[in-house]
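Database features, via Swiss-Prot:
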- Asn103, Asp202, Glu462, Glu538, Tyr539, Ala540, His541, Asn605, Trp1000: substrate binding site (BINDING)
- Asp202, Phe602, Asn605: Na(+) binding site (BINDING)
- His358: site 'Transition state stabilizer' (SITE)
- His392: site 'Transition state stabilizer' (SITE)
- Glu417, His419, Glu462: Mg(2+) 1 binding site (BINDING)
- Glu462: active site, proton donor (ACT_SITE)
- Glu538: active site, nucleophile (ACT_SITE)
- Asn598: Mg(2+) 2 binding site (BINDING)
Amino acid sequence: MTMITDSLAVVLQRRDWENPGVTQLNRLAAHPPFASWRNSEEARTDRPSQQLRSLNGEWRFAWFPAPEAVPESWLECDLPEADTVVVPSNWQMHGYDAPIYTNVTYPITVNPPFVPTENPTSCYSLTFNVDESWLQEGQTRIIFDGVNSAFHLWCNGRWVGYGQDSRLPSEFDLSAFLRAGKNRLAVMVLRWSDGSYLEDQDMWRMSGIFRDVSLLHKPTTQISDFHVATRFNDDFSRAVLEAEVQMCGELRDYLRVTVSLWQGETQVASGTAPFGGEIIDERGGYADRVTLRLNVENPKLWSAEIPNLYRAVVELHTADGTLIEAEACDVGFREVRIENGLLLLNGKPLLIRGVNRHEHHPLHGQVMDEQTMVQDILLMKQNNFNAVRCSHYPNHPLWYTLCDRYGLYVVDEANIETHGMVPMNRLTDDPRWLPAMSERVTRMVQRDRNHPSVIIWSLGNESGHGANHDALYRWIKSVDPSRPVQYEGGGADTTATDIICPMYARVDEDQPFPAVPKWSIKKWLSLPGETRPLILCEYAHAMGNSLGGFAKYWQAFRQYPRLQGGFVWDWVDQSLIKYDENGNPWSAYGGDFGDTPNDRQFCMNGLVFADRTPHPALTEAKHQQQFFQFRLSGQTIEVTSEYLFRHSDNELLHWMVALDGKPLASGEVPLDVAPQGKQLIELPELPQPESAGQLWLTVRVVQPNATAWSEAGHISAWQQWRLAENLSVTLPAASHAIPHLTTSEMDFCIELGNKRWQFNRQSGFLSQMWIGDKKQLLTPLRDQFTRAPLDNDIGVSEATRIDPNAWVERWKAAGHYQAEAALLQCTADTLADAVLITTAHAWQHQGKTLFISRKTYRIDGSGQMAITVDVEVASDTPHPARIGLNCQLAQVAERVNWLGLGPQENYPDRLTAACFDRWDLPLSDMYTPYVFPSENGLRCGTRELNYGPHQWRGDFQFNISRYSQQQLMETSHRHLLHAEEGTWLNIDGFHMGIGGDDSWSPSVSAEFQLSAGRYHYQLVWCQK
């Protein structure tokens, strides 16, 4: 133990938090989570240990602007101004200091290893009692599972130690400091330390004791570490559980270790041995270690599909069987290896359906509770994810246990990111920073290596490629050859990675950046001498209304075996709850706390909102990642299973044939598909209706029984095929009524019964409609070529940093948002049975014509208005966001009914999960409440729309809500939106894709851009 004076003044003078060579003082060695059971049955059943005591709860708390402001008296007693906070928590979530959101830029002046003198510091204290039996014998430890960013610890006024690395435990021996009766802990936490330079992750920068604190009592002679691994024969019919156990304390000949393996109540294998390991070199072996090997016949293998778990109990006892203590862990028999360019699990090539996950809670910041962790896992499993990357740091210890038990593959990532350094590898190539990096990697491995869910180690994120990475790669490969190592920095394919793991590489498009090119994922595989698998560590940036083009990735993954999937960025929006002056909650992002620097809404990239409500994009991910694929040939459906290990045993295939959403025939077939197998399903003779309409066959895979992660009736996969469309000439109902045209200087007015249409001759637009004496429009029906910018449209543009290549800047520069309509033509003609209005407009900005729109409106005796639109786009203007019409309807109806793709929001490059049917939803559900308002709620492939008294027919896309595109464009947060009068309707003949390969460069694929130059569409507007 390092002995240092207890004085606060000495600690402050020494400034351990500005010395990269000091990462800890008196911290105990890393190991898997311990409980020190004194009963092996309790260890086997994972019951709460009497030797493990939580210190979570209310602590005394005082905040200071700098460590030098902390009074020395605090070491002995609480300060008069001390408040109370709950531990674990981030102090910023309790109103002390401000959270800072920044992506790349360091929130402090970059001068490593030094940090600002204004370094917010919080002083925590807790008074507690210790069992007298703990004081009489053994060792009492205190465990801090996570403290950000560095801290000093005192007990009863005496200095205990120092720790940093906010995402791994710091554990100290308190035995020499405790006394009978009351004891007092004092913890001084600093916001910034030299460790902050290694923690430049894209997340909120928060501080405090934000993970659990506990006391653990272990015997004097104790298990100090244990490591389990599984080995197999070629066909996995026989396995060996290898358990290496290490002890500390007084080594005696009578000490024994027993390792027993359990499957539920059944003991599968057991072995006992004294300490004394195998001969290592000419000086002998480890006297304090022993390795036991247990043979297991026909083990039930672990995978994310079937997470079979055993329980290993490690007992330290005397030769006569007297138990000293027991530790235990779950064991999954599984093998991970790379062979022939493929990442294999239990001999089968994996397809990673992955997502990156930050630890984030909208109310609690970076404090994770079991309920939230389980909620995340259930949602991931329900949406066909099988893998998660701990971005970008080791997670709460419970997370790994839950992933073991529910079944998720985990990339465990070291808490290292130096994204804001120039160059990025300035620290990671510096040997002075090797000790700090080494602790972050080695301690992660030592804590988490017993978890079967951890299949890949990661050296960190966005830190360039330095010599320190190479050294740590070699250390991991030496200590744990059972797992691959990945690392993206320095180009994604350096010597420090077993897997090509790029971020945001595109399917077919090269991004030839200097020094670190991002080749298309297809090209990367074919580079000379490259034999590694490719798994995208980040892709499909799900910021706001995004995930366009996701299907292209999955087509490539299924086409090329060495493209083994990737991890979507990312799981959850990192918005935080604030309250307005009336106490109403609202969602905040970067800058909303007065934090500078900040990266605005870039913290919200999730497939789910911060409260875990899904984004519409999550359904697209679920569909593309589904484990059943379908092919229709004639009346035969071929069902292919992409499960590697699971035989379908809880699936029914429901099929239905519908004409324009009206069911004509349906059936149900049990699925009986072997892993990677096929099943052919013969359908009966399908109906061939004579009436006009679209005929669709829909199949859905339903789980009739509940599972550990889903309720009964869960739909896991689906597919649709359009069978036919019977055409017919729609004749208007026989009517002797003829619309009457009245012409005035200002207007053309058409009347038919109780309906009237008014066209303004000065503007050329349909300016009003009446049904009886009720006006139907609040604004004219006008052309629309713009949208409220998406995050993907904005890219990195902001007021102080304009990116001229961003879509929104191109549209602004070209005048799309400012364009005015110049009337070229507005005429009216009376036909034999209808009135025809013909208009033409030139949409201009600063004298330049951007679009020419020609329209005809044919109003017939049935009251239908058939609208035909032809648009020409100037060849030298940017491709528009949309080509459509919009108006503000006077009505506010409760529900929206449509025949088309749904039910969720969908866009041209994100619609494979949508199904053609007749849908009916509340008006409020047609709006997607993205925290940063933008274009939203589109439904594509629409043949009919019904709202209030109105009906529209054709082939179009629409969105409908209480918010105008203008308001969405001008409003910074969703809670600031106000419902406008009436309802805004946007009907598009064509709409540009939304993109999503990344969110900082134009990423809409060419086939989803509006580049044709000429466009034609039609629709019919009538009243029901």
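Every residue gets a Cβ built from N, Cα and C, even glycine.
Shown here: features listed in Swiss-Prot, placed on the structure.
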residue	record	DSSP (3 states)
Asn103	substrate binding site	coil
Asp202	Na(+) binding site	coil
Glu462	substrate binding site	coil
Glu538	active site, nucleophile	strand
Asn598	Mg(2+) 2 binding site	coil
Asn605	Na(+) binding site	coil
Trp1000	substrate binding site	coil
CB contacts for Asp202 (Na(+) binding site) [other CB atoms within 10 A, all chains]: 23
For Tyr539 (substrate binding site), nearby residues of its own chain (Cβ under 8 Å, 6 or more apart in sequence): Met503, Tyr504, Ala505, Tyr553, Gly566, Phe567, Val568, Trp569, Asp997
Position of peak Cβ density within 10 Å, selected from the binding-site residues Asn103, Asn598, Asn605: Asn605
Where Glu417 (Mg(2+) 1 binding site) falls in three-state DSSP terms: strand
Residue from His358, His392, Glu417, Asn598, Phe602 whose C-alpha is spatially nearest that of His541 (substrate binding site), among the recorded positions: Phe602
DSSP-derived structure type at His392 (site 'Transition state stabilizer'), helix or strand or else coil: coil
Neighbour-count leader, CB within 10 A, binding-site residues: Phe602, Trp1000: Phe602
Cβ-centroid neighbourhood (8 Å) of the Mg(2+) 1 site, Glu417, His419, Glu462 excluded: Val104, Asp200, Gln201, Asp202, His392, Thr418, Gly420, Met424, Gly460, Asn461, Ser463, Gly489
Distant-in-sequence Cβ neighbours of His419 (Mg(2+) 1 binding site), under 8 Å, six or more positions away: Asn103, Val104, Asp200, Gln201, Asp202, Asn461, Glu462, Ser463
Cβ neighbour count within 10 Å of Glu538 (active site, nucleophile): 25
Closest of His392, Glu417, Trp1000 to Phe602 (Na(+) binding site), Cα positions, recorded positions only: Trp1000
Closest of His392, Glu417, Trp1000 to Asn605 (Na(+) binding site), Cα positions, recorded positions only: Trp1000
Least Cβ-crowded entry, counting other Cβ within 10 Å, from the binding-site residues listed as Glu417, Glu462: Glu462
